[in-house]
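Chemist: Among the features that TrEMBL reports, active site, charge relay system is placed at LYS15, THR60, HIS281. Sequence annotations record features per position, and here TrEMBL assigns 5-hydroxyisourate binding site to THR60, ASP61, PHE171, ARG188, VAL252, GLN253, ASN279. According to TrEMBL, the O2 binding site annotation covers THR60, ASN279. The feature urate binding site is assigned by TrEMBL to THR60, ASP61, PHE171, ARG188, VAL252, GLN253, ASN279.
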Amino acid sequence: MSTETSFLSHARYGKDKVRVLRVVREGKWHHIVEYNVQALLEGDIETSYTEADNSVVVATDSIKNITYYIAKISPHVLIPERFALHLGTHLVSKYPHIHKAFVTVEQLRWSRIPVVGEQGPQEHPHSFIRDGEDKRIVKVEIDASKGKEISASVTAGISDLLVLKTTESAFTNFVRDKYTTLKEVDDRILSTSIDLSYTFLPIEIPKPTDADVEQFTIPSEIAPGSVWDTMVPENARKVTLDTFASDNSASVQATLYRMARLIIAQNAQVQTVSYSLPNKHYIPVDMGYLGVENLIPSQAEVFMPIAAPSGLITATITRK
Ligand SMILES: O=c1[nH]c(=O)c2[nH]c(=O)[nH]c2[nH]1
């Protein structure tokens with residue numbers, strides 16, 4: 001009987017959670033980004049698994065060092081989409097046996113501290129505040145397996161955008177059977193931690209020359225002034241928050257669908273929009289035993305936040 005009962009069907013490796021803060025100084029005006037970077041590689045690396053052959057392994061420590069180096073030299077470092085594309089392009093260009101790079105950049109929030117200056121309120125030139133735990137997320141897949149051009153796909157979005165509304169959310173008319181204990185409500189608290197991502201059509205990046213593998217020719221789609229890395233992220237965040245706030249929600253599902261359709265309608269470049277929305281339940285506390293009314297949905301005042309379980313509503317909406 002053959003001992004060949006299995007084979008290596010998939011292999012990808014690299015560094016995760018590379019933390020980097022980059023400062024760009026423009027005189028006294030400083031700009032910062034803080035990123036958590038994951039950079040993973042695919043290519044002719046099978047023998048490192050199957051034959052303990054480390055000669056094909058770019059050490060994950062080197063991948064970390066390259067991440068810091070590109071953060072230092074990239075003129076694109078302040079924009080996560082461009083930084084991720086530069087890093088991924090460099091990884092596949094520097095190492096011919098590496099055919100694909102998968103770079104995820106998570107950007108933490110740092111906004112300028114508003115201070116009172118001589119001319120009234122103004123933003124501080126070099127002091128920042130973490131004004132939210134939500135993150136901007138960029139995922140790029142860089143494919144150099146097809147020769148001359150490098151093709152890149154970009155998915156971007158937001159994670160952990162925590163929101164809550166105290167009315168204009170209902171949930172009725174759902175399946176009722178012997179398993180149903182949930183009451184229909186025409187008024188409830190709606191809270192969710194929004195994960196949102198959107199995709200663009202793949203783009204082509206010219207391959208750096210052998211003489212200069214660090215060179216990165218920025219594709220027109222994300223050149224400065226293009227919409228991918230400024231307008232679309234701002235619009236997606238604004239549409240999401242506006243819709244959450246103003247929609248008279250029949251369900252998480254219905255509100256999700258509205259948000260996603262609006263983003264597609266307002267951003268010609270966006271091909272798909274996906275949301276993952278946990279329904280973070282807040283239960284009115286029953287105080288009937290004290291003779292205190294707290295269960296009428298539109299009048300309840302004291303709620304118990306439920307950490308788990310939560311609902312989880314997901315969907316992808318695609319441009320026709
Ligand atoms: O908006 C909701 N969608 C559901 O699918 C659901 N299920 C549930 O118990 N509560 C809710 N709320």
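For all residues, glycine too, the Cβ spot is worked out from N, Cα and C.
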Chemist: Between PHE171 (5-hydroxyisourate binding site) and LYS15 (active site, charge relay system), how many Å separate their Cα atoms?
Modeler: 44
Chemist: Would you mind sorting out which recorded positions among THR60, PHE171, ARG188, ASN279 put a C-beta under 6 angstroms from ligand 1?
Modeler: PHE171, ASN279
Chemist: Counting other Cβ atoms within 10 Å of each Cβ, which of the recorded positions ARG188, HIS281 scores lowest?
Modeler: HIS281
Chemist: Compute the C-alpha separation of THR60 (active site, charge relay system) from GLN253 (5-hydroxyisourate binding site), stating it in Å without decimals.
Modeler: 41
Chemist: Which whole-number value in Å describes the distance between the Cα atoms of VAL252 (5-hydroxyisourate binding site) and HIS281 (active site, charge relay system)?
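Modeler: Answer for this pair: 12 Å between alpha carbons.
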Chemist: Near the Cβ of GLN253 (5-hydroxyisourate binding site), how many other Cβ atoms are there if near means within 10 Å?
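Modeler: So the Cβ neighbour count for GLN253 (5-hydroxyisourate binding site) comes to 16.
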Chemist: Check each residue in the chain of LYS15 (active site, charge relay system) that is at least six apart in sequence and keep those whose C-beta is under 8 Å from its C-beta; list them in sequence order.
Modeler: VAL37, GLN38, ALA39, THR60, ASP61, ILE63, LYS64, THR67
Chemist: Which value in Å gives the longest Cα to Cα span across the urate site residues THR60, ASP61, PHE171, ARG188, VAL252, GLN253, ASN279 as recorded?
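Modeler: Roughly 51 Å, rounded to the nearest whole number.
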Chemist: Taking the Cβ of THR60 (active site, charge relay system) as centre, how many other Cβ atoms lie within 10 Å?
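Modeler: A 10 Å sphere around the Cβ of THR60 (active site, charge relay system) contains 16 other Cβ atoms.
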Chemist: Please report the three-state DSSP label of ARG188 (5-hydroxyisourate binding site).
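Modeler: Where ARG188 (5-hydroxyisourate binding site) sits, the three-state DSSP reduction gives coil.
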